[in-house]
Amino acid sequence: MTQKAQGPYEDAKNQLKKAQEILGFSDADYDLLAIPRRERSVAIPVKRDDGTREVLHGYRVQHNLSRGPAKGGIRFAKQVDIDEVRALAMWMSWKCALLSLPYGGAKGGVRIDPSQYSQAELERVTRRFTAEILPIIGPEKDVPAPDVGTNEQTMAWLMDTYSQSVGYTVPGACTGKPVELGGSLGRAESTSLGVFLMVKAALQKLGVNIEGATATVQGFGKVGRGAAKFMEQAGIKVVAISDVYGAIRNDEGIDVKALGEHVDATGKVVDFPGASAMDPEDVLMLDVDVVVPAAIEGVIREDNAKNIKAPIIVEAANGPTTSDADEILNKEGKLIVPDILANSGGVLVSYYEWVQSRDNFFWDIERVQNEQSRRMLAAWEEVDEYATEKDVTLRVAATALAVDRVLHAHKLRGLYP
């Protein structure tokens, strides 16, 4: 009988256990950090365009609030469940702490396949979900943002629904909004830029010349597409790209801009004239310098980890590597830039957006991107130095640094009552 793979929440708790081994905190403190502070599970009745009604399931999990308001995205995806959302919320706590942002971690999701719903239906789902979680969100409580299956339009609806409930416009109710509604310049590409910065840092660490280096990208959504663009602009050849429909390959390098135009026209990477088709499972297995999983969690598993040839893995997605796969890759000496560092550019610029919304003073794109680069590269140096000092992986180092900051904040505040 095949043993069922553990879920992302178990992976997240395993990572926390490794941080406990480094930091030496008590089992009581482990429980405090492993168990989410607050969870809200909601039913979302929605009227379809044809007049029928159905009920969707939604969740909002606030993992930890010791360092400030909760922060984390909302995803619309058919695989969403409470286990996934708990894990993502925990990783958000570590991500925010690693960058020294004044936030705790949260995540939300609705179990839905957005491709099967009209724009009007998605608006109704968003507004009803927002109404259901209204008591626990807000600029001082919990600040949502886009994630898989959601975008700046989703955030515009969320912000409007929240604002209607209080009677005045509240731009700080969420981040990732359109610039016209108080969003930040640079937010749309911030996660992708951060991924590229980590690709560049990892290549430099291993002494690989950026010009002419090779990479593959799994996932051509917001993050994967942007990361591929930034890598191509820096002279890195992106030789394979996949999406949910298939995968393509060109060993001379894919024209990312042309591929983007093809995807805009057709909705998928397959049949792109500038590349040949390939098995999507093989995108992460090619003999390149760096692979970038930029889709969903759990794609690098115990059964395929041994087939990864690239010396560098930069986790653009959340939780793409299972705990078992992580062990295999570490034994083989792979350099893994963990998700809580690699894709932290999104929450970093979300923080800048939140600050701008609260101040009603907005930054130009140069300031946003310069501040992002400065802070992310400082975090990279800190994690790399800690990993070298403690002789641990970048993932263990990043998690330990972040957990220590959250635990320290908790102890400073003390217990109530």
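Cβ from N, Cα, C; glycine included.
The record from TrEMBL ties K95, S350 to substrate, and of the options K71, K78, K331, K334 it ties K71 to that site too. Listed in sequence order, K71, V143, A145, T175, G176, S184, R187, S190 are the same-chain residues six or more apart from S350 (substrate binding site) with CB atoms under 8 A from its CB. Between the CA atoms of T191 (NAD(+) binding site) and D147 (site 'Important for catalysis') there is a gap of 11 Å, rounded to the nearest whole number. Among the recorded positions K71, K107, D147, T191, the residue whose Cβ has the fewest other Cβ atoms within 10 Å is D147. For K95 (substrate binding site), the number of other Cβ atoms no farther than 10 Å from its own Cβ, over all displayed protein chains, is 29.
Largest Cα to Cα distance within the recorded substrate binders K71, K95, S350: about 12 Å as a whole number.
Taken residue by residue with DSSP, S350 (substrate binding site) is part of a helix.
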